[in-house]
Ligand SMILES: NC(=O)C1=CN([C@@H]2O[C@H](COP(=O)(O)OP(=O)(O)OC[C@H]3O[C@@H](n4cnc5c(N)ncnc54)[C@H](O)[C@@H]3O)[C@@H](O)[C@H]2O)[C@@H](O)CC1
Ligand SMILES: Nc1ncnc2c1ncn2[C@@H]1O[C@H](COP(=O)(O)OP(=O)(O)OP(=O)(O)O)[C@@H](O)[C@H]1O
């Protein structure tokens, strides 16, 4: 290829001298023996050698294409086998739970009073925490299975039929939980329940709207050390479909962030003496705020972030808190506690800090779903998105899992893609009618969409780049991943 581009790869039976000639779609500069200065007697030998070189190159290219193709085929097969393996595992678990359910049903039928005793409740809790998540269980100790189990008559107060996880504080043994989502294929059905709601909130593309109507998002973050994180969040918001993305960052980060992308509006104000007033001026124009990506832990920046959160709450806009913003919340939970449009997106480490700050006791790592729900309740039913192998989304009343297939690559910055996307989706969800979200908590719908999208981007980027996958590669997948998940 390089040789061709340089015009040095000769093709047979071409006569003109030193001119550009198109043959079979390829433009090749011909150099005759005269112009090359070589004796005409050597020409057949040279042509012969060139032909051999040409065919070797061609064969090498073919072999390399074949190798690449077979690599992707093998990778696809590997992923399919992995899917089958998981399915089989889930089916086995489901079967086991069904058997246990029958046992419990018969116990409950024989001795209904026993289910109300503290000992039984404790036993149920213990058993529940040792089981895989997703076991539907009611306070009566009866387990329910499958999608039909969480169908119920919708009252005006109740939220839509979706996988649920209710607390029943009346139990002496503490929290008895009702988990109405299930494992394996049933969990996928749970996903199927929420995915249409995400599709519903995606605004139509129409020539009737003006710039800004599909979302003006603000990111609070970016300091000397971290310039990538706010950029990832802000550009992801744009790629998901926001019209305008603002970054409010420290002065040292601003030029760097601007240089990554001319699409972003960058305000170098976060460490200025009048930072809060500077940012406040923009708040009326923003539909959502994402606080924390690349914020760092400088006291002054955290204080500014805190005051900006307070001002944003007064404007009733969704506030996504991620990364160092969560550090701030762990120090001063009241900054966001009880604000229903607040969404926390911790990874496991951040979650542990938050949990321990709220409960003043070590996290019980054996039951993430329960702990996440407890954290949400302690925060006043804020939506908590605990990221991990499965993403766990709860508003303290219900829990859903996002199990969209990702990959084994955990490159830094994926969380920023998630928080930026979530900002846009939260705006869309909160401006959609209750019909569109079937009265499911809009934060939860948005969170499910953002998690699914991030994981799909990760999967697609991994297919192309394997171990070399970076967040930049994932961002390039947003468009097609979004279309695949939400617009097909
Ligand atoms: N290119 C960039 O500018 C990036 C900046 N980032 C920013 O970097 C700052 C610090 O974020 P960090 O997340 O590094 O926070 P920390 O500096 O608190 O580090 C957390 C540590 O926990 C570890 N960890 C994470 N998940 C874990 C799990 N499930 N189990 C065990 N250990 C786990 C991490 O490897 C890391 O060492 C934030 O402001 C963040 O936004 C990150 O978003 C990554 C990309
Ligand atoms: N083990 C895993 N398997 C599949 N996906 C995962 C896994 N862990 C995290 N993810 C996905 O990666 C995304 C980001 O989660 P991650 O835990 O990397 O966040 P983070 O540490 O806050 O990221 P950042 O590097 O931006 O600070 C989430 O969407 C989550 O679904």
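From the backbone N, Cα and C atoms, a Cβ is placed for every residue, glycine too.
TrEMBL names 294, 347, 348, 349, 350, 351, 352, 353 for binding (6S)-NADPHX. Of 214, 243, 416, the residue it gives for the same site is 416. Among the ranges 28-49, 50-71, the stretch that TrEMBL annotates as region 'Disordered' is 28-49. In this structure, none of the binding-site residues from 350, 352, 387, 389, 391, 411 has a C-beta falling under 6 Å of any atom of ligand 1. Residues 294, 347, 348, 349, 350, 351, 352, 353, 416 are the ones the record ties to (6S)-NADPHX, and the longest Cα gap between any two of them is 20 Å. When averaged over the domain 'YjeF C-terminal' (194-485), pLDDT in the model lands at 97.
Neighbours of residue 348 ((6S)-NADPHX binding site) among the binding-site residues 387, 407, 409, 411, 413, 415, defined as a Cα within 10 Å of its Cα, are 387. When the binding-site residues 294, 350, 352, 416 are compared by Cα distance to residue 387 (ATP binding site), the shortest distance belongs to 350. With respect to their backbone Cα atoms, residue 409 (ATP binding site) and residue 350 ((6S)-NADPHX binding site) stand 20 Å from each other.
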